Amino acid sequence: MDRSAGLPVRLLLLLLLLLLWSVAPQALRPGSHSLRYLFMGASKPDLGLPFFEALGYVDDQLFVSYNHESRRAEPRAPWILGQTSSQLWLQLSQSLKGWDYMFIVDFWTIMGNYNHSKVTKLRVVPESHILQVILGCEVHEDNSTSGFWKYGYDGQDHLEFCPKTLNWSAAEPRAWATKMEWEEHRIRARQSRDYLQRDCPQQLKQVLELQRGVLGQQVPTLVKVTRHWASTGTSLRCQALNFFPQNITMRWLKDSQPLDAKDVNPENVLPNGDGTYQGWLTLAVAPGEETRFSCQVEHPGLDQPLTATWEPSRSQDMIIGIISGITICAIFFVGILILVLRKRKVSGGTMGDYVLTECE
């Protein structure tokens, strides 16, 4: 089968999985870290999807992937490429293989409870359906933890696990059959709770230690402020580049005083792909007042806050000078052209009043 034919379906599946992810807790508290796994799969290969595929994220940065066909964990972050022989990686690979098996069993259970399979004389033939799972944990600055485990079926919320009660919350009536079946097996519920409250936080701490050992204590190597023009007006953008860990605070100052939060767009922080991060903060300003504003950055790797301001570059001054010169020259030549045309008009009128006499 042509794999390219399943690409649109794969993109749709990823979109559905992101929708499922969006309802999981993602706004990390300052000093917190997270470990998340996204599982997805299709019941039939005609969708161009594997039976099981897994993506692992630490602090929202992809670091491992796995699929049912290869049955191998693949490193997806530069800082973990050389660690595939470590004990942590071997444990991670074994966990993903176990989840592969459990995912397929759960998939068949859910489809059976939905009557989404056809029974023939020879075998049970499943219909085409999609299962998504998100699970993981967070370790907060005070060393407390929280976990989550959710199932989505055909793009809709299905079940969510509650570690405190060991129960499953059904998102729709047809999920009750699976809920009751899973809650009868208390061993599974206790194992799920132990993973979220013990194993997952331990693994997260190990991954973070490995990441820090490879990257070291990165700090913003460059903080700069740039000016931008648009149809909506003038804005300043503050950029902090190549820092680690992810936690960073960026704020705008006007005349050395912090601006009200309601006047500032929220900061954006994204991974670079090499284990470090970049962040930026924008602010709309009135033309001519750019120099009154400065950007202040705080980061664990800095001894004190770092402040940067916008400064016009020489190239910008040169461009402005050239544009001004061209404008003045254009006005000058237009003025000369108008004078010439006016003189020609006057001369043309005089010539029009003069009549040549006929030759005798």
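Glycine is no exception: its Cβ is also placed from the backbone N, Cα and C atoms.
Straight from Swiss-Prot, the features:
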SIGNAL    1-25  signal peptide
TOPO_DOM  26-319  topological domain 'Extracellular'
REGION    26-127  region 'Alpha-1'
CARBOHYD  Asn115  N-linked glycosylation site
CARBOHYD  Asn143  N-linked glycosylation site
CARBOHYD  Asn167  N-linked glycosylation site
DOMAIN    220-309  domain 'Ig-like C1-type'
CARBOHYD  Asn247  N-linked glycosylation site
REGION    311-319  region 'Connecting peptide'
TRANSMEM  320-340  transmembrane segment
TOPO_DOM  341-360  topological domain 'Cytoplasmic'
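The most densely surrounded of the glycosylation sites Asn167, Asn247, judged by C-beta neighbours within 10 angstroms, is Asn247. Checked against Asn115 (N-linked glycosylation site) by C-alpha proximity, the glycosylation sites Asn143, Asn167, Asn247 yield Asn167 as the nearest. In this structure, the C-alpha atom of Asn143 (N-linked glycosylation site) lies 25 angstrom from that of Asn167 (N-linked glycosylation site). Note: the CA-CA distance between Asn247 (N-linked glycosylation site) and Asn167 (N-linked glycosylation site) rounds to 34 Å. Assigned with DSSP, the residues of the domain 'Ig-like C1-type' (220-309) fall into helix, strand and coil as follows: 6 helix, 51 strand, 33 coil. The local packing around Asn143 (N-linked glycosylation site), expressed as other Cβ atoms within 10 Å of its Cβ over all shown chains, amounts to 8.
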